[in-house]
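Engineer: Take this structure first; my questions come after.
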Amino acid sequence: MNDLIIQNISELILPKKTDKPLKGAELADLKIIKNGTVVIKDGKIVYAGEYNDEYVATETIDAQGKTVSPALVDAHTHIVHGGSREHEMSLKRQGVSYLEILEQGGGIHSTVKATREATEEELFEKAEYELLRMIHHGVLSVESKSGYGLSLEHELKQLRVSKKLHEKYGINMKHTYLGPHAVPKDKDSDAFIKECINDLEQVKGLADFADIFCETGVFTIDQSREYMKAAKKLGMPVKIHADEIDPLGGLELAIEEDAISADHLVAASEKGKQMLNDSDTVAVLLPGTTFYLDKNEYADARGMLNNNGAIAIATDYNPGSCVTSNLQMVMSIAALKLKLSPKEIWNAVTVNAAKAIGLDAGTINTGDEANLVIWHAKNHEYVPYHYGVNHAEKVIHKGKVIVENEFKLK
Ligand SMILES: N=CN[C@@H](CCC(=O)O)C(=O)O
Ligand SMILES: [Zn+2]
């Protein structure tokens, strides 16, 4: 006997199961079944496709008027951190730029102070609340970075919190060491990169990836290359915050070093975009950050796709440059500002986002873990269209309904 049937689904979103990320025109290749059925047993998908009434199960959900998709994948977050930086909003309004705030000891540095001062328990409690918010918004795979410790002791503290969340909730999580996220105020940048390289050995048991912020006034291309090579030598796949503000050639470096992803890329060069053609490095675009930094230029998603690149979309949830953990909101920004179609966006937040963090997730195929969302939306176009709110009605993890978002008054 099966455990659950979801029947009469208005639109069933079925991203393609693939070993490699979807590239270029493939990003628009998304199967959508009208009047679909999903059958689940022992936490796994038994059937997903056209309407089928031959199966029996102990429970049936009628999803008439609803859309069903794989649970979302948030491939770039800084969920574990101390404190908050709401005062930076008025600084920004006075015209102080993100990098100026950082130079003045604010920005990342003020979160470093708060993170160092917080106990492991305090960090856990804060990150847990946000993780639960993500799950309530339909996300069941999360990448989580360190990077607000800037010393081995505090980076390890962040990574342990991330692991504990993973253990407690059992959703898919990947943990990233981002030791070189900023140069500590009292240190020289070359000396600090060496320190981070030395620390790789000790963080590698807790981290799946090594990441670095390559940017003007932060870390150079040469420092980033040295760090990435050292991480790869230890068997750690690499990621890079690249070309977010200035076009330093971070995308080119990511591709040369075979990074699993290159993230941000607002200022990526034409050469870098062309190099995507021969690469499986996923360009993780973070349009919520461009929006929140109040910039007019967004990453050139269409140019990357025209060059046969693989792209994914993520929140970049962090306390400074993108203070939202609502990936649905970022899907809307992607539609408006990256000029992506709804089909491209669904692939970019499911199967391609999973590839950007080395996960086999984001699909609903026979044998897959049953991680799904039933959306209060009659079709796949509705979610990015109706922006800024939560459309996730039921979130299903390993075949069990773990979230029911209902409008009910006490
Ligand atoms: N760009 C660098 N790191 C984060 C921002 C961190 C912060 O401002 O606290 C990002 O991905 O946007
Ligand atoms: Zn980031």
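Heads up, the Cβ atoms here are built off N, Cα and C, so glycines get one too.
Remember, TrEMBL labels are computer predictions, not curated facts.
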Engineer: Write down the one residue from Ser321, Ser325, Ser332, Ser341 that TrEMBL lists together with Arg85, Tyr148, His181, Glu244 as binding 4-imidazolone-5-propanoate.
Structural biologist: Ser321
Engineer: Which candidate from His154, His166, His241, His397 does TrEMBL annotate alongside His76, His78, Asp316 at the Fe(3+) binding site?
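Structural biologist: My reading of TrEMBL gives His241 as the candidate in that site.
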Engineer: Round to a whole number and give the Cα-to-Cα distance in Å for the pair His241 (Zn(2+) binding site) and Asn318 (N-formimidoyl-L-glutamate binding site).
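Structural biologist: Here the two Cα atoms lie 14 Å apart.
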Engineer: Of these binding-site residues, Asn318, Ser321, which scores lowest on Cβ atoms within 10 Å?
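Structural biologist: Checked Asn318, Ser321; of these binding-site residues, fewest Cβ neighbours within 10 Å: Ser321.
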Engineer: Using a 10 Å cut-off, grab the number of neighbouring Cβ atoms around the Cβ of Arg85 (4-imidazolone-5-propanoate binding site), all chains included.
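Structural biologist: Its Cβ shell of radius 10 Å holds 20 other Cβ atoms.
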Engineer: Identify which of the following binding-site residues, namely Glu244, Asp316, Gly320, place a Cβ less than 6 Å away from any atom of ligand 2, and list them by sequence position.
Structural biologist: Asp316
